[in-house]
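Feature annotation from Swiss-Prot assigns signal peptide to 1-22; the stated evidence is sequence analysis. Look at Swiss-Prot and you will find ASN89, ASN116, ASN291, ASN299 tagged as N-linked glycosylation site. Annotation source Swiss-Prot lists disulfide bond at CYS186-CYS197, CYS193-CYS206, CYS208-CYS221, citing similarity to another entry. What Swiss-Prot records for 518-545 is region 'Disordered'.
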Amino acid sequence: MPPFLLLTCLFITGTSVSPVALDPCSAYISLNEPWRNTDHQLDESQGPPLCDNHVNGEWYHFTGMAGDAMPTFCIPENHCGTHAPVWLNGSHPLEGDGIVQRQACASFNGNCCLWNTTVEVKACPGGYYVYRLTKPSVCFHVYCGHFYDICDEDCHGSCSDTSECTCAPGTVLGPDRQTCFDENECEQNNGGCSEICVNLKNSYRCECGVGRVLRSDGKTCEDVEGCHNNNGGCSHSCLGSEKGYQCECPRGLVLSEDNHTCQVPVLCKSNAIEVNIPRELVGGLELFLTNTSCRGVSNGTHVNILFSLKTCGTVVDVVNDKIVASNLVTGLPKQTPGSSGDFIIRTSKLLIPVTCEFPRLYTISEGYVPNLRNSPLEIMSRNHGIFPFTLEIFKDNEFEEPYREALPTLKLRDSLYFGIEPVVHVSGLESLVESCFATPTSKIDEVLKYYLIRDGCVSDDSVKQYTSRDHLAKHFQVPVFKFVGKDHKEVFLHCRVLVCGVLDERSRCAQGCHRRMRRGAGGEDSAGLQGQTLTGGPIRIDWED
């Protein structure tokens, strides 16, 4: 049975009033598919793994055969009808707590929290829960449901006055005084673990970071001393020496930043992602992305997959101070031998999550050369930055045709049309030009600055902003000017651009113009975001006095 929408309608007569937000306990989407339940193991003979790519920030309630609520313990992979089941890493709230935030984790490849996101939870009157679930960044992820034990079916209503339901060790009594929920031991002093605590069903376990192992007490960690101990923490080969040891990777793989894990090399370009997988890993397998029409191409030694940020099922999301683009490479046995001579297979399935991260905050520079004598003004050529923006100089206020090869000719006080343009037009994102300032040199930290935009507000009355159909593009008009002094013959523009999720009502982009008097109000502050400076020019231009 497909999910259905339960809505409560509110009719008000008389004078107009402000809109009333519906209580999520009475306005939610039911998730009732049997395959969501934690008892449902993935059987690909009955169909491909499932994915919650339709989930997109709405409120949901688990009902029917899906279960009563989300599990609060680690679910093994290949359950809930998918490869990477998603569970709630935290206890359910009480009714008086209102809406709370919890971490949701996806289990895969032996890691109970290989991927995580933040969801919202509310306890409703009647003893059930509703969840505001975010869209997973990659497939195959599914939010799981679970049937919790009933301690005594006859224990209901006033029976609590005469007797008390008791739950098994590792579980606690729920707000309905009847259901036994899993106890999250990790919420109390991290379960006594010195590093990582993983909540399990009716229990928990301690884990250690890469290159470290548990001591005999099962709670504290120690450094790996050599290859004889857990292979040195290396995912593949461990090479010992008199001075210690180091991890090595098979040909075609690269060592990740933790210096212990080997991974497939991924090239994050400004408008595309490229994955090169050694053929030894994929012999006999056919590789494809989330959109199965996007497939790998073999060059004899590697299988190459090239895809853009808005095709092949790529999911682009804003996570903290980064823009994250994700996809999943899946390898399944070929139906017939390939032209490259693959007659055998050594694995039944290959799954490679692919992620590229880009900073949210950018500083983009562009320059021009003003002429005091009202003779032609030459605009410096544009400079590309890293994903996702460039600063373009346009020919008119239609902002459709930027100057490409031929430089424009302008005079002082003529109109200069410039704009922030995304390299790739990705839906679900929006931008805010937080500041734009001019300098007489290409240095961003130049002492002499003239602000056109500051704190998201136009600070020069001569600046005009135009509306754009694209949430990421911003267009402006300003009269051409120069700095005082005969030596100041160049002007450079620098713009700080911030990227946000278009549905995030508390983001810095949603706040817009942010005067200093408003700082400290609720919502996101871009001061804590990691920024990246994109250098541009200058291109030297002959100057005639």
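Using N, Cα and C of the backbone, Cβ positions are placed for all residues, glycine too.
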When distances run from the Cα of CYS206 (disulfide bond) to each of the glycosylation sites ASN89, ASN116, ASN291, the nearest one: ASN89
Pairwise Cα distance for CYS197 (disulfide bond)/CYS208 (disulfide bond) [Å, integer]: 9
Pairwise Cα distance for ASN291 (N-linked glycosylation site)/CYS208 (disulfide bond) [Å, integer]: 36
Lowest local Cβ density among ASN89, ASN291, ASN299, which the record lists as glycosylation sites, within 10 Å: ASN299
Among ASN89, CYS186, ASN299, which are recorded as recorded positions, the nearest neighbour of CYS221 (disulfide bond) by Cα: CYS186
Shortest C-alpha distance to ASN299 (N-linked glycosylation site) - which of the recorded positions ASN89, ASN116, CYS186, CYS193, CYS208: ASN116
Alpha-carbon spacing, CYS186 (disulfide bond) to CYS193 (disulfide bond), which is rounded to whole Å: 8
Mapped DSSP class for CYS186 (disulfide bond), helix or strand or coil: helix
Distance check against ASN116 (N-linked glycosylation site) for the recorded positions ASN89, CYS193, CYS208, keeping those with Cα within 10 Å: ASN89
